[in-house]
Amino acid sequence: MPTPDSIVILTGAGISDESGIATFRGPGGLWEGHRVEDVCTPKALVRDPALVHRFYDERRGALAGVAPNAAHRAIARLQREWPGEVLLVTQNVDDLHERAGSHDVVHMHGALLSALCAHCGVRTPWDGELPPAACCGDCDVPALRPDIVFFGEMPYEMERIEAALARADLFVSIGTSGAVYPAAGFVRLARHHGAATLELNLEPSAGSAWFDDTRLGPAGVLVPSWVEALLAG
Ligand code: APR
């Protein structure tokens, strides 16, 4: 694999697994305990806002008890030391990349520590009790929602992500099942534009056939060794 200049990294729930955060589709995953349509759709928020808020309050509260792992730290090191461009896109809504030292993280599915005003789209940090809306002022709880991209809604920063994939020399997917679009299609977009593609995952994903190279194992082992080798040239 030639030395890349511009790298796009996509992470999924698997990178946070070794930090103790449940994935969605693995054994004991979040979607085993909850129906998506009950907690992660716009209709769910209208039908039962208290249930939706409880689901995300539980996940937000759990963040205090977890810490970034070696995979998060290795990506932050790559962002610091790589001479070219590194765009980190995550499907995760936790803050472990930031706590590991990563910057400019693109949370395409939103973030637990942010509240969104459904009236005017203003975001407010949410790291404890439901924050007072720092926006239009006439928001009530149903309008002030978790800043999470629900199923059926458009992920954030798609134009920026697609532009980065168009100029990437290397696309790396870490800890994702490839079950949800548009993220699951990024590998094909990257290949179409000539990027080399690498998958680091515990098990084969739905998109493994599209990757030039798929390495199977825990992210906490695979990611640091991949970064070490890349930086060693
Ligand atoms: N190291 C590497 N990979 C792991 C590890 C680990 N320690 N543990 C699990 N994995 C892999 C699993 O094999 C699986 O392929 O991570 C992937 C997790 O898949 P999902 O649970 O489907 O999570 P993700 O791919 O991030 O889901 C995408 O679906 O429900 C929506 O919005 C939600 O962002 C989420 C999206």
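Yeah, the Cβs are placed from backbone N, Cα and C, and that goes for glycine too.
The domain 'Deacetylase sirtuin-type' annotation in TrEMBL covers 1-233.
Annotated substrate binding site per TrEMBL: Tyr56, Arg59, in sequence order. The secondary structure of Tyr56 (substrate binding site), as reduced to three states from DSSP, is helical.
Mapped onto three states, the DSSP output places Val93 (NAD(+) binding site) in coil. For Gln91, Asn92, Val93, Asp94, Gly175, Thr176, Ser177, Asn201, Leu202, Glu203, Ala219, the entry in TrEMBL reads NAD(+) binding site.
Residues or ranges marked as active site, proton acceptor by TrEMBL: His109. The number of other CB atoms found within 10 A of the CB of His109 (active site, proton acceptor), across every protein chain shown, is 21.
The Zn(2+) binding site annotation in TrEMBL covers Cys117, Cys120, Cys136, Cys139. Other Cβ atoms within 10 Å of the Cβ of Cys117 (Zn(2+) binding site), summed over all protein chains shown, number 20.
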Inset, instruction - Can you tell me which of Tyr56, Arg59, Gln91, Cys117, Cys120, Ser177, our binding-site residues, come within under 6 Å of ligand 1 at the Cβ? - result: Gln91, Ser177
Legend entry - CB within-chain contacts under 8 A for Gln91 (NAD(+) binding site), separation at least 6: Leu10, Thr11, Gly12, Ala13, Met108, His109, Thr176, Val180, Ala183
Legend entry - Confidence summary (mean pLDDT) of the domain 'Deacetylase sirtuin-type' (1-233): 92
